[in-house]
Amino acid sequence: MEDPLPLHSCHVQKSCMIINRSYIFVHGTALLALLYYRVSSLLEIILAESRELPYFVSYLLVFASELVLSFLWFLSISYRWRPVSRSVFPERLPEDQKLPAIDVFICTADPEKEPTVEVMNTVISAMALDYPPDKLHVYLSDDGGSPVTLGALREAWKFARFWLPFCTKYGIKTRCPEAYFSKDDDCDGSLSRSSSIEFIDDKKEIEKQYAVFKERVLRIQENTSTASKDHPPSIELIKDADDDRANQAEMPLLVYVSREKRPSHPHHFKAGALNVLLRVSSMLSNSPYILILDCDMYCNDSSSARQAMCFHLDKTISPKLAYVQFPQKFHNISSEDIYDSQLRLCFSHMWYGADGLKGPTFTGTCFYMKRMALYGTSQLQKDANLAQLQKVFGPSNDFIISIYQKNHTNGREFFITVLEEMDLLASCSYEKDTEWGEEACFRYLSVVEDFFTSFMLQCKGWTSVYINPPKPSFLGSATTNLSDYLVQHTRWYTGLVDIVLSKYSPLIYGAPRMSSVLQCMYISHIAYYFLNFFPLWCLAIIPQLCLLQGIPLYPEISNPFFLVFVFVFLSSNLKDIQEVLADGFSIRPWIYDQRMWMIRSVGCYIYSFLNAIQVKIGMRKASFKPTNKVADEGQFKRYLSGIYDFQASTMFIAPICTLVILNVTSLLLGAVKIVVTGNYDQMFIQAFISFFIVALQYPVIAAMFFRKDSGRISESSATLSALLAAIILFIGSLLFMY
């Protein structure tokens, strides 16, 4: 008997691997030379009899900054070592009746921040996946318990009754209604029907139905109360009022789930909502695979489920495969993408490299997860008694039975009979004295449950794969203003710092448990990336203060080690530029990436660190605010025009403004001092650092002093920043006078 054809293929990106490894060797050698220079110079300073304390401390801090940057670069070797890309062959999958069932989990929390029509488009697109409808089950978690969301979901079901047959009949590939009707042409699908009278008539009719659907949803929003943080559990099977089961059999199962929330009980944010969906879905469908989606991340390619099954059904990798990750891509990204909302580093390079190891971490959305991997039942003995299982999974015997039940069930047939049990599973007290979120399922330690859960899975030997099809499988809404962008990144990195400060710190906890050293380095690079705040603050202040005092911290131009510092700077940046150009972009995205990296480092990362410290010592409680998906028209227009909008909290704006003002001052006064003293050979690098920061952050200067539009930096923020810069310069001058 011939072996079946493979369902997928994996290709090592050889040219990229050769470039990366050559870069690692050359840049690593230069870093060793730089560190040798620093250590030998530091020893000379220590042994010198006339050592000045301010100079010694300044030198030590600059050296420490270079060590931190070198450490993070060393960790980045991991995802550059062996990048791979994958292809799939869904046409080789078994027939539909042999495909496994899939549950789709979609989480929403606040209809005021997450537009309801957009959320319903995500639900409808998931229901319209190119997959057997009797094996597809969609669950919407409404953490706000809002009547708006429930009412809109009922309307979405009614519209889907017309939309799904239309998509199937005409081979529609873009199955998100809003995206489909926003197109200017009819070239969507495999059927030749753009001139068909029947198709034109049907499209006009379904477009009218969609307009009615949106109007009804907006009316519900106007006349209904919004989200609540104190409400009982509510679970509803969405169906037609006439309960016509014959017609509903052609539709995927659609279930509304709002878990119980009480102010006195911890709810564990998104991880808690996902764990409730795990339990509730086990009573209705119990599908072996789960697609996790953010509420704004609609299915852009209806074939993603079949693509994921090409990996999950491969017997050679499936036993250890936990999830298949697709990239997060966005439909509202401008050609400039000035805020780096597309996360180019992650999805253009890092995830390919991680896939060449044991697989990437999952990103909270756009991945197909194996249910059994979350339960961790491979760690439980088959002869475990009921008391042991209840300690892990809670008191529900029906749920424990479902863990070992292989076949999915038809939830429509007995929804009423299990409703009481589902209410128990969705109650806020169910997880008390159990291991939910600690040893099983989505983990609770951090608000970045995606990173932490996937890290723990990989520590237990599970792997993952990354697939990036030519057509984006999912498209979402990216943050398109600076304020939401900075809030979002602060939240992410606060969660990562929480993990680093816990017993699960990747380098300590992961190293002895992960089978690959490079995989541990890759995980650690993500977790420790917030450390960039230290070198960025030091290198934006200390060389500048020393420049004003005429104190050199770097080798003079005639010193051979001057070339080492120049090479390290050029090597690092040219590698970034090479990666941007290899992705088909111009050099501009590299400038935007560098600018946003600096703004994040001096603002988001240090606030993340301070927030995590406060939570750790009990000064404040962990919090989670959903990212605002409601676009401001003025801000969005500026974003599309490539103009930065600085309408953000002074807390985020003041750090970068302070450092820019300080560097402008040091560059101007330092240049005068260099001309007067003639010691340009000793002070060249320090003057260049100031020049580089000022040139890179010119939009900040323009927003403080030249712009008059509403996106400029406010006078209060600019004044405060100037005052802080003056204080730093004054204190620095006093210290060097000592």
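Counting begins at 1 with the first residue displayed.
From the backbone N, Cα and C atoms, a Cβ is placed for every residue, glycine too.
Quick look at what TrEMBL lists:
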TRANSMEM  18-37  transmembrane segment
TRANSMEM  57-77  transmembrane segment
TRANSMEM  526-551  transmembrane segment
TRANSMEM  557-574  transmembrane segment
TRANSMEM  652-672  transmembrane segment
TRANSMEM  684-706  transmembrane segment
TRANSMEM  718-737  transmembrane segment
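Between the transmembrane segment (18-37) and the listed ranges 57-77, 526-551, 557-574, 652-672, 718-737, the one holding the most Cβ pairs under 8 Å is 557-574. Between the transmembrane segment (57-77) and the stretches 526-551, 557-574, 652-672, 684-706, 718-737, the greatest number of Cβ pairs separated by less than 8 Å involves 526-551. Beyond the ends of the transmembrane segment (652-672), by six or more residues, the same chain brings 482-483, 486-487, 537, 540-541, 544-545, 547-548, 598-599, 602-604, 606-607, 646, 683, 686-687, 689-691, 693-694, 697, 700-701, 704, 713-714, 717-718, 720-722, 724-725, 728-729 to within a C-beta distance below 8 angstroms of the stretch. Same-chain residues lying 6 or more positions outside the transmembrane segment (526-551) and placing a CB less than 8 Å from one of its CB atoms are 55, 58, 61-62, 64-66, 68-69, 71-72, 75, 361, 451, 493, 496-497, 499-500, 505-507, 597-598, 600-602, 605-606, 608-609, 659, 662-663, 666-667, 669-670, 673, 677, 679, 683, 685-687, 689-690, 693, 728-729, 732-733, 736. For the transmembrane segment (718-737), the list of distant contacts is 54-55, 541, 545-546, 548-549, 551, 650, 653-654, 657-662, 665-666, 704-705: same-chain residues at least six beyond its ends, Cβ to Cβ under 8 Å. Beyond its flanks by at least six residues, the transmembrane segment (684-706) meets 539-540, 543-544, 546-547, 552-557, 562, 565, 591, 594-595, 598-599, 644, 646, 656-657, 659-661, 663-664, 666-667, 670-671, 674, 712-713, 718, 721 of its own chain at Cβ-Cβ distances under 8 Å.
Beyond its flanks by at least six residues, the transmembrane segment (557-574) meets 23, 26-27, 30-31, 33-34, 37, 73, 590, 594, 680-681, 684-685 of its own chain at Cβ-Cβ distances under 8 Å.
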